Amino acid sequence: MKLRGVSLAAGWFLLALSLWGQPAEAAACYGCSPGSKCDCSGVKGEKGERGFPGLEGHPGLPGFPGPEGPPGPRGQKGDDGIRGPPGPKGIRGPPGLPGFPGTPGLPGMPGHDGAPGPQGIPGCNGTKGERGFPGSPGFPGLEGPPGPPGIPGMKGEPGSIIMSSLPGPKGNPGYPGPPGIQGPAGPTGLPGPIGPPGPPGLMGPPGPPGLPGPKGNMGLNFQGPKGEKGEQGLQGPPGPPGQISEQKRPIDVEFQKGDQGLPGDRGPPGPPGIRGPPGPPGGMKGEKGEQGEPGKRGKPGKDGENGQPGIPGLPGDPGYPGEPGRDGEKGQKGDIGSTGPPGLVIPRPGTGVTVGEKGNMGLPGLPGEKGERGFPGIQGPPGLPGPPGTAVMGPPGPPGFPGERGQKGDEGPPGISIPGFPGLDGQPGAPGLRGPPGPPGPHISPSDEICETGPPGPPGSPGDRGLQGEQGVKGDKGDTCFNCIGTGVSGPRGQPGLPGLPGPPGSLGFPGQKGEKGHAGLTGPKGLTGIPGAPGPPGFPGSKGEPGDVLTFPGMKGDKGELGYPGAPGLPGLPGTPGQDGLPGLPGPKGEPGGIAFKGERGPPGNPGLPGLPGNRGPMGPVGFGPPGPVGEKGIQGVAGNPGQPGIPGPKGDPGQTITQPGKPGLPGNPGRHGEVGLPGDPGLPGPPGLPGIPGNKGEPGIPGIGLPGPPGPKGFPGIQGPPGAPGTPGRIGLEGPSGPPGFPGPKGEPGLGLPGPPGPPGLPGFKGTLGPKGDRGFPGPPGLPGRTGLDGLPGPKGDVGPKGQPGPMGPPGLPGIGVQGPPGPPGIPGPVGEPGLHGIPGEKGDPGPPGFDVLGPPGERGSPGIPGAPGPMGPPGTPGLPGKAGASGFPGAKGEMGMMGPPGPPGPLGIPGRSGVPGLKGDNGLQGQPGPPGPEGEKGGKGEPGLPGPPGPVDPDLLGSKGEKGDPGLPGIPGVSGPKGYQGLPGDPGQPGLSGQPGLPGPSGPKGNPGLPGKPGLTGPPGLKGSIGDMGFPGPQGVKGSPGPPGVPGQPGSPGLPGQKGEKGDPGVSGIGLPGLPGPKGEAGLPGYPGNPGIKGSMGDTGLPGLPGTPGAKGQPGLPGFPGTPGLPGPKGINGPPGNPGLPGEPGPVGGGGRPGPPGPPGEKGNPGQDGIPGPAGQKGEPGQPGFGIPGPPGLPGLSGQKGDGGLPGIPGNPGLPGPKGEPGFQGFPGVQGPPGPPGSPGPALEGPKGNPGPQGPPGRPGPTGFQGLPGPEGPRGLPGNGGIKGERGNPGQPGQPGLPGLKGDQGPPGIQGNPGRPGLNGMKGDPGLPGVPGFPGMKGPSGVPGSAGPEGDPGLVGPPGPPGLPGPSGQSIIIKGDVGPPGIPGQPGLKGLPGLPGPQGLPGPIGPPGDPGRNGLPGFDGAGGRKGDPGLPGQPGTRGLDGPPGPDGMQGPPGPPGTSSIAHGFLITRHSQTTDAPQCPHGTVQIYEGFSLLYVQGNKRAHGQDLGTAGSCLRRFSTMPFMFCNINNVCNFASRNDYSYWLSTPEPMPMSMEPLKGQSIQPFISRCAVCEAPAVVIAVHSQTIQIPHCPHGWDSLWIGYSFMMHTSAGAEGSGQALASPGSCLEEFRSAPFIECHGRGTCNYYANSYSFWLATVDVSDMFSKPQSETLKAGDLRTRISRCQVCMKRT
């Protein structure tokens, strides 16, 4: 079977083979001849058809890389790529070039007056200057007021008992006194010894009594019985003046003083006294005003640095009570208390209690309660004066309580003096004041040794006050005392003498002049209480008394005490109630749009960026598709919703404190525990804005949502405020976050062109300068541009007296007028002296006017000083005057940057005159003025007694107010020091108050929200703590001038300061319009500069001192002023023609270049004065010009130093000379004569020479003329409180002051209980005049009373008829002894002007006058004959150093020197810097001197100064971020107080990631260390300029290798460099930032504007080809930096 299958298969095969092989055979056997049988077995067939492709094979192994192909052709420019995301912010570029100066800004409005600055540090005492020359004697000043009484002299030795009977020297006759009132008859004296009989005379009528003689000697010690009181005699006529007789004192005769006579009738009232002291303050003080409206929103303050939030401290324990404070100032007068109960009636012992007539006005009781305020009544006419009441002595009433001190009452009209009956006699009073010496008595012959005592004359008026005597010398010691029991035993009182006969009445004499107050007499025994007199006028306020006894009357309010000394610090207070919210800040600017953020890996914490400002919320968009996107930004605060329903009542709170009476808020209690969280109520009303939280940290980026972002929707409208969320639990205390880094400091900018700042506070008064020269009268110039606000000018001259004006009420300020101010008119005729006006009420403060045109009028001629008139009262404010003269130049200010001039502003109104300033120092004597018109003849009055207070001035009913209503809110106070920056809150509507929670700890800061809507201005918050001084801001606008403050207490004069050193000359300031300054000292001669144009001819100056005789030059006459021409366009400079009329200022042309000096032109005539041009901006300070050419003249003989003459007008620079070679110095010639002025030269270039050296101190000048009285200066700042002085003597009454402000209302005291009888109170207020009383019965004749004091001066009596002639008296012998010098007489009238005197003798030659104008160039003279040899001159100044001479010939060979020392003694110092924190080792062969820190360079005042790193100066032994300070010429140094820098080599220490500045100890790892080494030989650095290390020269050894460091710059593109031969140019390590910048505020950091410069590699083949630009990145930096090696010469 198997075999069958095989054969069958073979058969099938053969069949197929046969079928297939037929065509093959045919093909194989092709070519066989037909009929022949071909054998085709085994022949290869033809190529078959291509098969189907096979399956893909497996990839083969990678082949080897082929060779690099050639570079392909440059491809086409590709399409623009899609815009990439914004790159990071680039580093700050270098500062750009300074821009062109901007156009001048308009002048700003005047700024507010700044608050007085703090008191400066007292300067050092200056060195004592040399004694100056004595000045000329000044004119006598006005007579000053009498000085205070001197210190009592030392007690003299006891006087000797002189038993001599010789009379003293006779005094000069005094002035006759006025007639006195006849006194009562004196007691009859003892009969004298019988004199020799006189010649019989006829009996004459009794003569009038004589004037009182000098005090008689003591009477004999006999006492008689007291006689009855005599009737008052009629007034006797004045007696004729007698002559002083020589009186011999009886030996051992003692006189007893008699009883005092009866008091005289009360005289008529005296003349009104001087104006009394200022009355009490006006109306009652109103109640406290309501809270003022909140002020406008202020400008945003500067950002302060964020402080780290501190944890609130616990309240401290109460401290110990402080020391008692100083006495407080006297408080304001309290309200008058209620009336007390009547006092007890204490009957007088020994007398019955009979009710007498109504007594005088009792002491004022306690005031009643305050009534309602009535309307002010119309002032009634003064009532008629009532007659004096009867003086029946009633029993004294009970003493009342001491009343408060009453206010000063109005002075009543003088009463009609109806004399009453005489009262009862009082006890003898105290001895009166000692009267002046009387006139001389009649002569008595010397034979009459004892004179009878005549009847006493009437008391004389007080005499004139004598001059202040000098303190007497200590007297001689007295003889031994015979009666030494104390002060002597008084003898018994003598009997009163018999009453004398009444004299006939004399005629009334003329009234005498009022006498001066006499000296105080000795204190007598205290008399009994006299009859109560009529109420006297109120006295002057007394000085402050000693503290009185404490009266324990309840309810009495004491006066406010003096200001106490500051007490010790009190206990720390408990926390106060929270303050009110501050004002919201301004909204910040809009921030930059952010990029599309894709979620990245969380990176390292970045530097804290500045917080971005939130953008506005966009409008609502359509709903996007896809999953929700990230949380959107917070929208703008929506409109407040309607109030919700009241919430569910919360849990019951802790019981509140029961307050029975509304009091002040109590101390806050301890915080309660947290209650359970209640259910959230419905939303309440929006609450007040809370304090802002601390910004939270930025959250993690959220996971990005899946889905395509939708298109941004439109901005939605503000949503309605949602309900508040549930309250969270209190968070834990957060960790203290790191403080953010300060920003990079910007480069120091160019000086800004700022507007002038507001005027500073008034400077200290300067020293009195010398008088400047008198200027010419100029023509009025066009209005100049307004200059800077000047310092307060010196007081202007006193104006003429205006016409008598009626005092009108102050009108409202008028609107400012518009118009150019014309030149001042001629002075008006002086008007009559005005009547005293009322004190005007200060007007409302006017708005500040815009600045006016500063047109300067021509200066007037100096007037003659008039005779000083009596000071008039203060008149009403006059109309604004014309602008005064410009003030004298102030001291030079600090050097300021030049501001641009602004266009003139419109004129503003004049301000209100300020108060009187502190009197200035007495000026030097002025020159003799022209004689003024004769003034009215005034009589010199002696100093009068302080008069009684005058009647009150007329009161305007509009001004006299009763108690005012509650006042308006006060002006805002002085702004406090700006506090720390507050956060900006969102103002909301006020909500219902919540319960006070426990203060939470600061939570984590959230993301910054959008700016809220601006809230209402909050109430003014409490002043913050004083912040650190911020950067100087731009000058603010000048504020409104505040009301004048109260005058400060004058401080004690300070000790004189040391004179400062002379400062450098500043840049020229803007040419202001002012008086010429004081002439400066003569400087050293500078190089001859280019001459300027000739100036204006000056008017005739004051006569100078005689100069050396010269040939007078031709002086041109001043021409008449021409008419101004129209402004011309700037044309090319023509030939100098004759001077034309001054044209109006033309348009400014372009600045031309400096021309070459032209040849001197012919001398022209002096032109008319041109008009003042507008001052241009100051040019840049030029380089010093080339020395002018010209042959120097021979130096003159040195003159003696004369007195400084009056300053001449400024000289005009002369024409330029031709350039000539420098001549040899000639012999000293004599001074040349003054030549005529030269012609105007071409203008020189506007270059400014260099600063000259300070000249020597010039001799003092002559005293200038006395200036006029200046206007009062501004009120100075209030001085420091002085120490409490000792209690002074009672001063004279002051001038009436203006009505004071109403005081604060005091509390009403409760009525007091009835107290014990008090001591007598103060005098009560003057009562209304009573009705005339009925005359009483005549009283019984009482015992003899003591004589009353002299009544007031009576009215002048009529001149009586002359009496009959008296009989001739006995002829006496005149013994004339010269008396003492009498008091000075009344000054006589000024005499007539005397005739001119004869010419005086020839005066001494005057000092050399000022140099004259330069003369025109003369023709060259012929050679003169050789003069004789002069005397040897004074030694000249040392000459400048000469040029080096040629080398001299070779010297002879010297002897061999001594053996040399070891070469190591000649060490060379080098410095090696490690650039690490470890100090380096000194190289082999050198010795270390010291270690230190590597200082690279410093920068101060924008200028850098570098150190050579190879020298020891670059290795400071101590490190400081500010190792230097700066000093100025004023002996003041400042340290770490400016924007200065220091730069130090640094280490490879990496900066922290935050890049915040390094402070404190964290700076140390960044500062490189260094070592100073001593090498035995010279050390140099060699540089290869390749990357190979160079070899040391032959014979030199290597010390170290490094990189070639060349230069470095940083802030402000300042820096320094290294000498390439110095070892400092070869740093051992290369770093792109090899140094670090440190500042005076104690920080260091790396900054992007710091660059280091390294020597680069140079290929030999590229030495002279263009360098190819190349940028090297990190890693390749060292491939282009040259290498170097430091080598030391072998020794």
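From the backbone N, Cα and C atoms, a Cβ is placed for every residue, glycine too.
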| field | region 'Nonhelical region (NC2)' per Swiss-Prot - which of 27-41, 1482-1496, 1527-1541 | value | 27-41
| query | Which cysteine out of C1592, C1626, C1638, C1644 is the one Swiss-Prot pairs with C1684 in a disulfide? | reply | C1626
| message | With the disulphide bonds as Swiss-Prot has them, who is the partner of C1638, out of C1592, C1644? | response | C1644
| According to Swiss-Prot, the disulfide-paired cysteine of C1570 among C1515, C1573, C1592 | C1515
| query | Are there any residues in the same chain, six or more apart in sequence, whose C-beta is under 8 angstroms from the C-beta of C1573 (disulfide bond), and if so which? | reply | L1469, I1470, T1471, R1472, C1482, P1483, T1486, V1487, Q1488, I1489
| task | Calculate the distance in Å between the alpha carbons (Cα) of N125 (N-linked glycosylation site) and C1644 (disulfide bond), and round it to a whole number. | result | 39
| task | Take the C-alpha atoms of C1626 (disulfide bond) and C1527 (disulfide bond) and report the distance between them in angstrom, rounded. | result | 35
| said: I'm checking region-level scores; what's the whole-number mean pLDDT for the domain 'Collagen IV NC1' (1467-1691)? | reply: 95
| request: Provide, as an integer number of angstrom, the distance between the C-alpha atoms of C1684 (disulfide bond) and C1592 (disulfide bond). | output: 10
| query | Can you tell me how far the Cα of C1592 (disulfide bond) sits from the Cα of C1570 (disulfide bond), in Å? | reply | 23
| field | Residue from C1515, C1527, C1533, C1687 whose C-alpha is spatially nearest that of C1638 (disulfide bond), among the disulfide-bonded residues | value | C1515
| request: Take the C-alpha atoms of C1515 (disulfide bond) and C1533 (disulfide bond) and report the distance between them in angstrom, rounded. | output: 25
| note | Here the Cα-Cα span from C1527 (disulfide bond) to C1570 (disulfide bond), rounded to a whole number of angstrom, reaches 29
| field | Three-state secondary structure, which DSSP defines for N125 (N-linked glycosylation site) | value | coil
| query | What are the helix, strand and coil residue counts for the compositional bias 'Low complexity' (52-61) according to DSSP? | reply | 0 helix, 0 strand, 10 coil
| task | Using DSSP, break the compositional bias 'Low complexity' (133-142) down into helix, strand and coil residues and give each count. | result | 0 helix, 0 strand, 10 coil
| So which one is it: of the disulfide-bonded residues C1527, C1570, C1592, C1644, C1687, which has the fewest other Cβ atoms within 10 Å? | C1527
| Close in space, distant in sequence - C1533 (disulfide bond), Cβ under 8 Å, 6 or more apart | M1525, F1526, C1527
| In whole Å, how far is C1644 (disulfide bond) from C1687 (disulfide bond) when you measure between their Cα atoms? | 34
| field | Helix, strand or coil at C1592 (disulfide bond) [DSSP, three-state] | value | coil
